[in-house]
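Peer 1: What follows is a single structure, and I will ask about it in a moment.
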Amino acid sequence: GAGYQVRITKRSASFDLLQIQRIIVATAPEAELVEERAGDVLIRLNVVHFTGFDVMFRALEEKKDQLGIGTIGVTLSTIEDVYIKIHFEAASKTGQNSDIYDDAKVVGKTRHRKPVASASLKALVIKRAIHLSRSWDLCLVSCIMPCLAILAIFVVEDLLLPQPPSEVPGEMALPVTLDAIKPSGAQVFVLQETGIDQELADMFARLTVTGERATVRNFTDARRGLFMEAAMDFWRYTQTYILGAAFMRDRVELWYSAYTNGSQAVAMNLLTTALLRLRTGNPTADLSATVVVHEQSVDTDRHDVHVASEMIRKSAVFRSFSFPVVTSLIVAGFVLFPVAERTCQAKTLQLMTGMSGSAYWGSNLMFDLVVYWAIWIFAAMVVLQYVQLFIDSILALIVVIGVFSGLALPCAYLLSRRANTQYGAFAIVTITFSFFGTSLLILSGLTGAYERDEQVTLDYVYMMFPPYAFPSCLIKILKLDIENRACLRHRQSIIKAKCKALRNEMWGHMLYCCSTTEEESDYWSPVHPLGFSQRGVGYEVIVMAIEGTLLFLLLSWLDSGSLPISEVYDPDKHKAHESLDRDVMAEKDVVRDIVSKNIFSKAALTVEDLHKKFATLHAVKGLSFTVLSKECFGFLGSNGAGKTTAFQMLAALIPASRGEAYMRRCTLSREARKWQSKVGYCPQYGGLLETLTAREYLRLFASLRGVSTHKIEQLVESVVNLMGLDGIADNRCGTYSGGNKRKLSMAAAIIGLPRLVLLDEPTAGVDVVARRRLLSGLRVVMDYSNMSVVLTSQKMDECETACDRIGILLAGQFRCLGTLQHLKDKYGTGSTIKLKLQSRDAQMRKSVEDAIEAQFPGIQLMDFHQGIFVFRLEEKLPWSVLFSKMLELQSQFVLEYVLVSDTTLEQIFIDLTRTYERQERGKSTETSS
């Protein structure tokens with residue numbers, strides 16, 4: 001398989017490949033066409049001798065104009081080429097090689113469409129679920145640790161803090177009447193079935209209205225009527241509907257409220273009184289009942305109040321420290337995954353599919369809310385084991401927890417943007433919520449702030465801080481529940497008596513109850529926890545809802561894809577002194593023409609005068625070039641040449657200091673997210689989610705790019721096979737070698753066929769056979785689609801194999817640009833001649849050297865060892881003349897072999913680099929002088 005290869009560039013549309021092949025086959029019968037590109041063709045001759053080459057090349061050179069030939073280059077197959085050919089021939093015999101082209105065809109014909117929001121959202125949520133299920137450390141930190149912390153708080157509080165005394169009203173006769181348990185505003189319902197005696201129902205209703213001053217509602221369906229009342233205003237329903245009676249044909253049902261103590265006894269007393277009046281005919285007949293309780297002494301009350309005060313004070317202090325800590329642990333666990341995605345660039349690649357920042361963060365928020373509520377459901381089960389709460393307090397807690405979720409998660413996401421590691425972000429969020437939450441709770445005077453009017457203004461300021469707002473709401477709701485429960489336990493007259501007896505020794509709930517007696521209301525009404533009083537949390541809920549909305553909008557805007565404003569760059573101050581190559585200038589002229597005439601459809605990508613300057617480093621200096629449809633354009637340069645920086649600008653990841661890039665109906669600086677939706681990007685490092693398998697990762701990107709759902713599986717399988725990942729596609733990405741990770745990154749970049757694919761050193765770490773397979777597959781995909789590719793590389797063979805045109809980048813600027821053969825013809829300094837003597841006689845060596853120098857005046861001997869000569873011919877001779885002289889030389893000596901080849905791309909690159917370095921040293925010397 002080793003032998004000569006001929007690369008011929010096309011000069012015009014009259015290029016006659018068929019006639020060229022006929023001329024070549026006449027000399028090399030086994031010659032075959034390796035590839036044909038827009039600008040050139042490569043033909044493998046499959047011979048190692050050059051007998052008849054002088055005649056063949058003379059025919060091609062003489063008919064150059066007729067055949068449309070530009071230039072002719074000759075190379076020799078390397079041992080790498082031999083190895084690759086042997087491998088592919090063996091694969092073809094076993095039927096493994098044909099799948100490459102079949103799979104490439106599927107990939108090249110499966111185009112994306114506008115992504116469906118529901119499909120993208122589903123893919124993102126599945127990604128989160130898979131990651132959580134495979135990350136035990138994330139489960140521990142995000143789920144288990146917060147649940148254990150909540151349990152610990154209430155266990156410790158139950159063990160260490162004294163319990164409040166049970167306050168029982170004393171030594172008073174309490175009548176069993178509706179007026180006693182609900183002095184005003186009570187409502188009673190009556191239900192009467194048709195066809196029954198109405199007298200008892202009417203008597204019951206009159207007794208309720210006249211004797212108890214209640215409002216009677218008539219229902220035809222008790223369950224439905226009460227349900228509608230509760231649905232309209234649940235709080236009013238629980239506080240006003242005390243009892244009711246349903247009069248059936250065979251029975252009477254008494255209904256009573258579970259929210260009002262004594263309602264069952266009052267309902268029974270009303271019904272028996274109605275029966276008595278009906279049977280006796282006496283409208284004033286009455287059955288009365290009383291409940292006698294034993295009054296505690298004032299000393300006992302004083303002791304109980306002091307115990308309750310101490311309990312509430314200690315509980316408030318304990319919760320001021322513990323609630324912010326638990327809140328911080330719950331919230332901090334949700335930043336681990338977003339930070340992991342950001343630091344490995346997986347987030348960047350997902351956003352580059354055209355997804356909006358709001359969609360990305362919305363999917364994270366949606367998934368995190370499920371976990372968030374799971375934690376709080378566990379917390380509710382724990383809390384209700386230790387704390388008895390009114391239904392209104394429970395509803396208020398649900399509202400506060402729900403509203404806080406919309407604030408805490410965006411707040412945590414924003415805080416985590418400053419961190420470079422997962423657990424660094426966890427620490428930042430934990431410390432922020434713990435420290436500021438505890439500090440502000442202590443500063444607000446939680447142990448007495450609610451009784452001091454001068455604290456009201458500060459509380460409104462503090463509630464603007466999320467670490468304070470949520471634990472403050474929890475503490476207020478729980479405290480208000482204790483106060484409401486204590487005050488509801490007494491009639492108004494008892495509260496007044498206790499307040500008068502205890503005077504200024506009250507604290508906590510008794511102070512709260514006593515403060516309400518000054519209004520001299522007919523009955524005491526508990527404060528609703530969601531109210532807008534100082535004891536309610538209504539204002540906090542509104543503030544948290546507004547802040548959460550604003551923070552989410554800010555988060556979405558930060559990831560909207562808009563490029564930040566770069567520095568103002570003055571090109572005159574940094575104008576390059578060195579003159580540009582003629583081809584580079586011609587390319588600039590082409591770009592200027594396209595931009596001035598606004599004909600961006602002429603090229604897949606148009607880049608105009610692109611600069612990037614970091615402080616004193618001018619990384620990219622005025623790049624201008626075009627990439628045509630189906631063209632592969634290569635950036636060849638050493639480390640630090642500016643390749644990756646240029647790619648990051650073209651991927652809309654960093655702003656350019658100057659310049660612009662264009663695609664059809666899209667401009668880089670003005671429409672960054674739209675631009676990214678048309679670009680597939682394979683970064684130099686990272687970009688993979690290590691907990692996902694290759695198939696799962698590619699399904700994600702296929703969905704985000706808008707590939708039809710029914711085509712995703714076939715496309716993923718084809719891409720997996722094309723990239724040679726079929727044997728490991730079900731293993732997690734984190735277990736892959738460096739080369740296989742590069743394959744997967746390249747696969748994600750081309751899936752869905754974006755208009756432009758940017759490959760930053762895509763085959764780094766990939767073995768030689770796999771590299772050739774990848775690049776060959778990429779060419780087939782490009783042939784079946786309109787996809788264009790720009791790649792960077794330090795590998796000469798990669799650029800030779802894949803690229804239609806190559807730009808050699810030195811110090812951020814193109815030094816030359818053109819097809820491979822064009823660069824060889826322009827910058828190549830002649831040819832390389834390698835020959836080996838069969839005899840190692842010193843005299844023979846001298847004779848060969850003299851004969852070669854006679855044939856090629858000025859030729860240089862570059863190397864000699866073990867009978868092998870390596871000569872470098874600077875003069876550019878026609879190939880027919882060169883091979884004619886070599887045939888003459890071969891007839892004079894007994895040589896084991898003679899090899900002649902063109903200047904390699906590597907030699908051109910090295911020569912240009914050395915020339916540039918000499919120029920820079922010269923400038924430095926002049927500056928120093």
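Just so you know, glycine gets a Cβ as well, placed from its N, Cα and C.
Whatever TrEMBL says is automated annotation, not expert-curated.
If you look up TrEMBL, you'll see 605-836 marked as domain 'ABC transporter'. What TrEMBL lists as transmembrane segment is 136-156, 321-340, 361-387, 393-416, 423-448, 460-478, 537-558.
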Peer 1: Under 8 Å, at least 3 Cβ pairs, sequence separation 6 or more: does that hold for the transmembrane segment (136-156) versus the transmembrane segment (393-416)?
Peer 2: no
Peer 1: Is it the case that the transmembrane segment (423-448) and the transmembrane segment (321-340) have 3 or more CB pairs under 8 Å, with pairs at least 6 apart in sequence?
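Peer 2: They do touch: at least three Cβ pairs between the two stretches lie under 8 Å.
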Peer 1: Roughly where does the domain 'ABC transporter' (605-836) sit in mean pLDDT, to the nearest integer?
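Peer 2: Reported value for the domain 'ABC transporter' (605-836) is a mean pLDDT of 90.
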Peer 1: Using a Cβ cut-off of under 8 Å, list the residues of the same chain at least 6 residues beyond the transmembrane segment (361-387) that approach it.
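Peer 2: Answer is 120-121, 124-125, 128-129, 132, 142-143, 146-147, 150-151, 154-155, 157-158, 330, 334, 337-338, 397, 401, 405-406, 409-410, 413, 478, 481, 552, 555-556, 559.
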Peer 1: Mind checking which residues of the chain, 6+ beyond the ends of the transmembrane segment (393-416), have their Cβ under 8 Å from one of its Cβ atoms?
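Peer 2: Non-local partners: 234, 327, 330-332, 334-335, 338-339, 361, 364-365, 368-369, 372-373, 376, 380, 425, 428-429, 432, 466, 469-470, 473-474, 477-478, 480-481, 484, 528-530, 537, 540-541, 544-545, 547-549, 551-552, 554-555.
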